[in-house]
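Enquirer: TrEMBL feature annotations, pasted as is:
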type: BINDING; residues: G39, G40, R61, N156; note: substrate binding site
type: DOMAIN; residues: 3-241; note: domain 'Aspartate/glutamate/uridylate kinase'
type: SITE; residues: K7; note: site 'Transition state stabilizer'
type: SITE; residues: K222; note: site 'Transition state stabilizer'
Amino acid sequence: MELKIIKIGGNVIENETALEAFITDFAAVKGPKILVHGGGKLATQLAEKIGIETTMVEGRRITDAETLKVITMVYGGFANKNIVAKLQGNGCNAIGLSGADGNAIQAIKRPVKTIDYGYVGDVTGISEQTIDALLKSGLTPVFCAITHDGNGQLFNTNADTIAATIAVGMSNIYNTALYYCFEKNGVMKDINNEDSVIEHINTENYPTLLAEKIVTEGMIPKLYNAFEALKQNVKKVCIGNTKMIVENSQQKHTTITL
Ligand SMILES: Nc1ncnc2c1ncn2[C@@H]1O[C@H](COP(=O)(O)OP(=O)(O)O)[C@@H](O)[C@H]1O
Ligand SMILES: CC(=O)N[C@@H](CCC(=O)OP(=O)(O)O)C(=O)O
């Protein structure tokens, strides 16, 4: 059976109309499914309001103790519960989780090489049996971008990485398909031209896209994670507009292959 792991980005969450449209489409997706959400933009806005500066390095947030509090409140609080409530309103029996809940996603502090990211976690494992028990009982897990180390420490983890790791872990039980949904139509040749979607990215054309800076910022972890997922048994990875998850959708998007 296919399990769909669908990730939505910060710009979708932040935009009331886009979020409502996505929720309707996600609720209508048939079969077992898991939603992973970010909320990076909302966290940056709240941090700014309370005088905490945000530093991003290659799409990842440097997370000090105060920033960790903000992201926990935003991702695990407002963003997660708002999405769960809206899904409930659309007949989808969602349950909101962080990686600490049910020990679902374990992580270690990202090792310091040239950069110390602070309380940023690299995922070490997921509890696929616990997640599967939720699926089997008819619930739809909704994960925010928070993990833990099993010793009481929460971590901020890139939501794209969480989605990929869940897809990899759950591939022990299901055929998994990973969808990265965001506000654009896919990975674009020209970021200002929605018609310039690159329909296929693979390990051959990717280095050029990276070198020519066609792929930058938040798209770097997304593609890194896409390749990692495919190498570890995930059957399908797509990047595109939320409309691509609609059954028989003709929406153009980017498909990643090895
Ligand atoms: N070639 C590209 N095509 C589309 N988006 C790109 C590209 N290169 C960089 N990006 C950036 O990647 C962003 C998506 O990643 P990210 O900021 O992590 O957002 P999300 O929260 O949606 O995952 C886009 O909003 C865009 O600014
Ligand atoms: C470590 C790290 O960078 N974590 C991300 C988690 C949220 C996220 O990934 O949100 P989007 O998918 O909306 O970008 C962050 O704090 O921005």
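Keep in mind that glycine also has a Cβ here, set from the backbone N, Cα and C atoms.
Unlike curated records, TrEMBL annotations are generated automatically.
Would you situate these features in the structure and describe their surroundings?
Expert: In this structure, G40 (substrate binding site) is part of a helix by DSSP.
Averaged across the domain 'Aspartate/glutamate/uridylate kinase' (3-241), pLDDT for the predicted model comes to 96.
For K7 (site 'Transition state stabilizer'), the same-chain residues 6+ apart in sequence whose C-beta sits under 8 angstroms from its C-beta are L35, V36, H37, G38, A159, D160, I162, A163, L178, Y179, Y180, C181. Taken residue by residue with DSSP, K7 (site 'Transition state stabilizer') is part of a strand.
With a 10 A radius on its CB, K222 (site 'Transition state stabilizer') counts 26 other CB atoms from all the protein chains.
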Enquirer: Rounded to whole angstrom, what's the largest C-alpha distance between any two of G39, G40, R61, N156, listed as binding substrate?
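Expert: Spelled out: the longest distance between any two Cα atoms in G39, G40, R61, N156 is 12 Å.
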Enquirer: So how many other Cβ atoms are close to R61 (substrate binding site), meaning within 10 Å of its Cβ?
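Expert: The answer is 24.
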Enquirer: Between K222 (site 'Transition state stabilizer') and R61 (substrate binding site), how far is it from one CA atom to the other, in Å?
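Expert: Answer for this pair: 14 Å between alpha carbons.
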Enquirer: Just to be sure I understand the packing, how many Cβ atoms besides its own are within 10 Å of the Cβ of G40 (substrate binding site)?
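Expert: I get 26 for this one.
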Enquirer: Residues other than G39, G40, R61, N156 within 8 Å, Cβ to Cβ centroid, of the substrate site?
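Expert: Output for this site, in sequence order: G10, G38, A43, T44, T63, I71, V74, Y75, A145, N158, A159.
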Enquirer: Relative to the Cβ position of N156 (substrate binding site), how many further Cβ atoms are located within 10 Å?
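Expert: Here the count is 27.
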